[in-house]
Amino acid sequence: MKTGDTVADFELPDQTGTPRRLSVLLSDGPVVLFFYPAAMTPGCTKEACHFRDLAKEFAEVRASRVGISTDPVRKQAKFAEVRRFDYPLLSDAQGTVAAQFGVKRGLLGKLMPVKRTTFVIDTDRKVLDVISSEFSMDAHADKALATLRAIRSG
């Protein structure tokens, strides 16, 4: 999946087990969908907490933040509870959506099932930006915000 591509609609359970559909999430504005390798690990915690801490900034650009990993619902629930996340964490337990986005790993799949990648998706399901960085955790939220601000001011 790259900038300009159209994302196929999908539905996955969030950390409460509630089914969440992309098209419904997009009804409130753009979605910043960030794939992370594993809940409760240091890098993923840093990344997800940075998204949490920028809640006001994302609200200003009318964008929703949505985390996604291959972790089961119960692990997502614990992650969300411990870190007090105010956004959905989707459970892509089979890796179907990760494969659709081209971020599912092959050989490294056991340790890190998905590539740390963020997609900024507009309300028409078009990809506005793709942010890839395995090591710069803050870059994902920061660059997504920069993209959304540029579009709003443009």
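Placed from the backbone N, Cα and C atoms, the Cβ positions cover glycine too.
Sequence annotations record features per position, and here Swiss-Prot assigns active site, cysteine sulfenic acid (-SOH) intermediate to CYS44 based on similarity to another entry. DSSP gives CYS44 (active site, cysteine sulfenic acid (-SOH) intermediate) a helix state.
Note on CYS44 (active site, cysteine sulfenic acid (-SOH) intermediate): other Cβ atoms within 10 Å of its Cβ, all shown chains, come to 22. What Swiss-Prot records for CYS44 is active site.
As annotated by Swiss-Prot, disulfide bond applies to CYS44-CYS49, with the evidence given as similarity to another entry.
Residues or ranges marked as domain 'Thioredoxin' in Swiss-Prot: 1-153.
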Relative to the Cβ position of CYS49 (disulfide bond), how many further Cβ atoms are located within 10 Å?
16
